[in-house]
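Okay, so here's the structure we're looking at.
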Amino acid sequence: MTEAHFYSRGNPSSRKSTDQRGAFMRMTQQDNMGASAAPPPPENGGSPVLVLSEAFTAEDAINRAGIGKFQVKLTILCGFVWMAKGFDNVVGFFINSLTTCEWKLLRWHSALMVTVSMFNQNSTITAFSVGGYAQAITLCCEYVPGRQRGRVVYILSGFWAVGVTIMLALLYAMTRPAYYHWRLFAAFSTIPSLIAMVMMRFFPESIHYLLVSKEYISAKSIVEDMARANKKPLPQGQLFPVRDADKKGRFCHLLSATHARSSMIFWYIGLTVAISYFSLDVMTPYFLHDVSDEDAINHTAANFMGDVFQPVECLHNVTDDQYIKILWTNALDFPGFVIYMIIIDVIPRKVLLSASSLLSSVFIFLLFIPSDNIIMLSAFLFCARTLLIGQMDMLLLMNAEAYPTTERGLAVGMQNATFYIAFFLTPYISHGFLHLEMRYLAGFCGVLTFLSAIAAPFLTWETRGMELMDTSLER
């Protein structure tokens, strides 16, 4: 072996610093020996590690490979995971109204169905699928060069939007009087998940994960496959190993001195953004003058407060007008993904997160304008929702970039958990405003998002274009 030898881990201080290219030049104690001289065997009984005369990091290899066939294939595979999430969102929103036609559900039955579903998702094996859609961001981020990382995340959001649109079309087709099949509608929602499961064998394992797990041969094999697929040469030398990565995925690491401030700010912003988004969903019928002020909460599918012994309204036939309204109400959130995709890798992450939170707050406060102009109020409402839903994806992206590999998956999962916690809290928060005007709930959301805009600049790191770290020591 001319460029790499196995040597005991007895003297970590012999490693020298790197230059800007990431090449580690002559980092052994055999610098004065010939290249053909064999290294001494381990004397302390330690496991052998790779000692390199010239090496490159995983980020060096990914930056050299660039965006190519390998990344396109990975994005499509992860896209099916996000499409499954879009299918799940639509099914979860309409399944109670569909099943009550046959089961005669009361409101407390419908509320319990959601509670049991979420409990199963968070406490049984199905949690792997629910959390998996967020981890798809982690995997994509780890294989994309830093300067293009943000756009890939919003491409995945595009798959989610496609999933929502397809399921809304199926909802319309399968609720015709002659073709009412809610079971078939629910069965169709499993197709993207089944595709993702079948294609799972084609998902590459994370290079960063393999390195912190000390599986260097597997990591090097994937790096070579990526370079071969993209038809790009690898840097000279061997893949540089990661050290001091024995402790992985511990929650206490997120609250360590290195990460505590960022973790708390991320979780706060995640809660406020999700609460504001779901609350705006509750308020949409009121601001569009579909229901009265008092009924805006009681008769919204996002909340089951009120008389819990009343039957759930049966959705046995979606009319053309209802379908068009449902479709454009959801579709108006989608342009935000395109806007974020354009600017996410141009504007610094902290600046963009703060500015989008501030703009969300402004649009929410504009709802206080006394006006009967439905078009104007709809524009304010959907601009706020578009900004908020884009911030959720940005938070997942920033978590994947800010934390090292040893905590990255846990950090992304915790950020995703804040969205689900907000989903649980929103009905109770909305119920607190039941005897007030709906505008007070809008004001509450406006204050939350304004405070998020203030908190965002205090995040520890600016992550745009930042190389992904493998351990906290690399900071």
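Just so it is clear, glycine is given a Cβ too, placed from its N, Cα and C backbone atoms.
Keep in mind that TrEMBL annotations are predicted by a computer and have not been checked by a curator.
According to TrEMBL:
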REGION    1-23  region 'Disordered'
TRANSMEM  152-174  transmembrane segment
TRANSMEM  180-203  transmembrane segment
TRANSMEM  265-288  transmembrane segment
TRANSMEM  326-344  transmembrane segment
TRANSMEM  351-369  transmembrane segment
TRANSMEM  375-397  transmembrane segment
TRANSMEM  409-429  transmembrane segment
TRANSMEM  441-461  transmembrane segment
Could you check whether the transmembrane segment (326-344) and the transmembrane segment (375-397) come into contact, where contact means at least 3 Cβ pairs under 8 Å with the two residues of each pair 6 or more apart in sequence?
yes
Go through the chain and flag residues at least 6 beyond the ends of the transmembrane segment (180-203) whose CB is under 8 A from any CB in it; none is fine as an answer.
73-74, 77, 80-81, 83-84, 87-88, 90-91, 95, 98-99, 101-102, 129, 139, 163, 167, 170-171, 174, 316-317
Which stretch, 152-174, 265-288, 351-369, 409-429, tops the Cβ pairs under 8 Å count with the transmembrane segment (441-461)?
351-369
Cβ-Cβ under 8 Å with the transmembrane segment (265-288): same-chain residues at least 6 beyond its ends:
296-297, 299-300, 302-303, 329, 353, 357, 360, 364, 367, 374, 377-378, 381, 384-385, 388-389, 391-392, 395, 398-399, 402, 411, 414-415, 418-419, 421-423, 425-426, 429-430, 438, 441-442, 444-445, 448-449, 451-452, 455-456, 458-459
